[in-house]
Ligand code: SAH
């Protein structure tokens, strides 16, 4: 039981798509996350017009908040439904584009141009496709990644960060004996060793 049993657990992309279809999206926060407000200064560090990345973005309303503050948002999400709901719920017009570097992927981009959401797996991205970022909002992302993919995820994230970027990570502390995840329990010691 416990963390041991979570280690081998895999949530497939099909399972995620199904959650969106069924509306099993208890992770979505209609009102946005209070910790982003609390740590906004840490993320921005006095800078404006940042490029901010939302890994495993779902339809996180924080993308709209930060875009409204003048930042450029890039997100990635396997569920096209999630991305379409995002644009619809904020009444944002958008267009769909192919992503030549990634077969089968799409990019949904707000007509105003400052929100660009990739519909594909995060593992399909690289800095040559999406560039590098000044800030990352990782809420429900590292903790949703399958435990066997954590190292790969973090290594990729590091390649997507500019030198002076800030990375806000929300992790949840809970009794991993009572819940098999996601979110998975990622102990603080593991977060430290993953990011080095
Ligand atoms: N960050 C969002 C969503 C968290 S839930 C929020 O704060 O609300 C995790 C999301 O990751 C789900 O929407 C799921 O569809 C998506 N996802 C899971 N695996 C993925 C992958 N490999 N690449 C991109 N998105 C993925």
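Each residue, glycine too, has its Cβ placed from N, Cα and C.
Features of the protein shown, as given by TrEMBL:
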- 16-27, 56, 77, 121-122, 139: S-adenosyl-L-methionine binding site (BINDING)
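Counting every protein chain shown, 8 other Cβ atoms lie within 10 Å of the Cβ of residue 22 (S-adenosyl-L-methionine binding site). Residues from the binding-site residues list (16, 19, 22, 25, 56, 122) with a C-beta closer than 6 Å to any atom of ligand 1: 16, 56, 122.
In the three-state DSSP scheme, residue 19 (S-adenosyl-L-methionine binding site) is classed as helix. Long-range neighbours of residue 56 (S-adenosyl-L-methionine binding site) (same chain, six or more residues apart, CB within less than 8 Å of its CB): 76, 77, 122, 140, 141, 144, 145. Residue 122 (S-adenosyl-L-methionine binding site) falls within a helix when secondary structure is assigned with DSSP. Sorting the binding-site residues 25, 122 by the number of other Cβ atoms within 10 Å puts 122 first. All protein chains considered, the CB of residue 19 (S-adenosyl-L-methionine binding site) has 18 other CB atoms within 10 Å.
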